[in-house]
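Provided herewith is a single structure, encoded as structure tokens, for subsequent inquiry.
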Amino acid sequence: MKNDRLRDKVYSKLKKFQPISEQFLFPILLLIFPFVSIDQGLDISDTLYSLGNYEFYELMDTNWKLSIIIPSAFGHLLTFLPGAGTVLGMKIYTTLVISAMALLVYYGLKTVIPGWMLFTGEWIAESVCWCPSAILYNYMTYFFMTFGILFLLSAIMTAEGAKQKRRLFLAGVLLGINVAVRLPNVLEAGFILVLWFADFLEKKKLRDSVRSTIVCIGGYVTGAGVCICGTVLAYGLASYGAMINWLFGIANDSQSTHGTSYTLRTTIEAYGHTFNVMIIMIPCIVAGVILFKLRFKKVWMIRLAKILYIIGIFVLVRYYFAEGVFTTNYYYYDSMFQAAMMFIILSGVMDVLDIISGIMDRLGYVSFMPGTNGERIFAMVSILIILITPLGSDNYTFPLVNNLILVAPITLTQLRRVIRRSRGGAVHFPWHAMALMVVVVLLIQGTLFKYGFSFIDGMDGTRRDIRMSSEIPKAAGIETTTDNAVELIKLYNVLKDNGLLEYKLLQFGNAPGMSYLFDMEPAIYTTWPMLASNRIEDFDHALMNMTDYPVIVTDADIDGVGYGVSDKLDILMDYIASNDYNIIFEDEKYVVYAIS
């Protein structure tokens with residue numbers, strides 16, 4: 001009794017700070033948290049490749065440009081803003097998209113989910129955002145998906161009428177626009193299942209459900225149609241058709257990492273690996289249930305049993321660290337990835353149980369997971385995000401880890417509800433504690449990962465200990481590793497001293513960001529010809545049709561194992577030999593060719 005009074009007293013004191021925290025503190029933290037370590041890392045692969053595509057927008061490969069037309073155009077517009085002429089400036093502008101998503105969810109769901117829980121969920125989601133903010137086709141995908149779902153949920157919770165129709169239409173428009181963000185986003189049409197599931201639970205008449213569906217699909221067709229028509233008017237129907245054929249060619253290529261079979265296989269492998277490391281939790285939970293099934297005669301005995309069980313969970317966490325499931329390598333993904341996957345699996349299990357329980361309730365059967373229709377609808381949203389997000393990607397389940405902006409708060413809400421409604425006996429304590437362990441570990445590991453991680457640069461554990469200034473103008477203000485700084489400054493000075501910065505640049509290797517960093521116009525349609533999506537024949541054609549003789553920079557050691565890499569390298573070496581290029585610089589990283 002004394003402990004209960006103390007707990008209530010502490011709770012009442014904390015409650016006093018809740019209004020001001022939810023109104024001011026939480027939104028401010030969600031706004032600024034994505035900017036942690038924004039000045040860390042100078043990645044000349046994916047990050048600067050994207051920035052180069054925005055700066056040299058008109059020179060981009062038409063197929064690639066049209067397949068991600070909205071983020072390409074948006075990124076290009078950002079380059080005209082004040083301070084956007086540097087890597088740091090562009091990182092600041094693109095990071096605002098992440099902050100905007102978190103705040104959209106925070107304010108959009110604040111009336112149905114407690115503010116502190118929304119904050120915790122969004123904090124988790126922001127902390128495991130590993131993808132560089134400059135890769136806008138990812139973050140704009142999540143942005144329009146999130147915005148569209150929020151309108152869909154708002155429409156479902158609104159009484160029938162003009163307001164509901166407007167929100168359904170806008171939900172469709174936003175999800176339709178996402179097709180122009182990245183063409184595989186057409187799969188997001190599957191979110192119509194949320195509306196159908198809601199109508200099923202609410203026992204809507206078929207006629208009313210069909211009307212709502214037509215309104216939503218109408219919005220989807222409008223959003224996608226306007227974007228597609230605008231693109232066709234700007235670039236021509238033939239170009240758009242060629243882009244579609246190009247994408248289907250990539251998707252159907254059995255050797256491509258963007259193929260459908262590859263995507264499904266790697267996604268299943270990711271879940272399989274995490275299931276394997278979670279299996280040990282099952283006997284731990286069973287042992288705990290058996291322990292709490294014992295008839296304890298005193299309250300202190302139950303409390304002692306709980307303390308012992310929590311100690312056991314600490315032992316389990318220590319075991320996971322010893323086995324490398326969790327790590328303290330906060331400069332690399334493995335510090336948080338398995339914790340995030342455990343959280344996603346926990347979410348998926350509760351989603352499925354919630355959905356099945358909702359169906360059983362609707363059909364008049366006894367459900368095993370109590371909940372309201374609204375809570376069931378949230379579960380449907382969560383499971384669809386989990387299923388749809390990884391499709392069309394070659395990055396394992398990393399895209400899903402990067403897109404927990406809605407899944408995280410929904411999962412925490414489900415967990416809170418289930419725990420509160422199963423407090424009847426200590427027998428539930430083991431799985432409660434195990435689930436909370438996953439959440440707490442992810443919260444801690446994710447936060448430390450956010451502070452320690454920078455994409456590519458320093459991912460091997462090397463300290464980023466040099467801040468760039470005027471050595472390379474576009475890199476000013478960025479902290480990088482000594483080796484990276486020395487190498488790039490040396491290369492920049494070679495080009496500058498030989499009067500080559502005014503030339504066009506053809507880079508062959510894994511440093512496609514050189515064109516952007518050194519402010520040298522790309523010589524051909526792409527700054528990353530090694531990518532499998534850049535076909536051999538297209539590269540050959542581009543090389544043979546160059547009117548100028550660009551500076552050519554290749555990696556000193558090119559792995560020819562990649563799809564089509566050796567063929568492209570042979571074509572490039574033939575071009576270099578036939579046009580009397582000379583090596584003007586060579587070290588262990590790069591080789592620079594130019595015509596003297």
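Glycine too: its Cβ is placed from the backbone N, Cα and C atoms.
Positions annotated as transmembrane segment by TrEMBL: 20-38, 68-89, 96-119, 139-159, 213-238, 270-292, 304-321, 336-356, 377-393, 399-419, 431-453.
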Give residue numbers and ranges for long-range contacts of the transmembrane segment (399-419): same chain, 6 or more residues beyond its ends, CB-CB under 8 A.
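Same-chain residues near the transmembrane segment (399-419) but 6 or more away: 101-102, 105, 109, 113, 117-118, 120-122, 124-125, 128-131, 138, 142, 145-146, 149, 337, 340-341, 343-344, 346-347, 350-351, 354, 369, 371, 375, 378-379, 381-382, 385-386, 389-390, 393, 428, 432, 435-436, 439.
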How about the transmembrane segment (431-453) and the transmembrane segment (304-321): at least 3 CB pairs under 8 Å, pairs 6 or more apart in sequence, or not?
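These two stretches do touch.
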Can you work out which residues elsewhere in the same chain, 6+ from the ends of the transmembrane segment (213-238), have a Cβ less than 8 Å from its Cβ atoms?
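Tertiary neighbours of the transmembrane segment (213-238) are 62, 66, 69-70, 152, 165, 168-180, 186, 189, 192, 195-196.
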How about long-range neighbours of the transmembrane segment (336-356): same chain, 6 or more residues beyond its ends, C-beta under 8 Å?
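That would be 124, 127-128, 197, 270-271, 273-275, 277-278, 320, 325-326, 367-369, 371, 375-376, 378-380, 382-383, 386, 397-398, 400-401, 404, 407-408, 410-411, 414-415, 418, 435, 438-439, 441-442, 445-446, 449.
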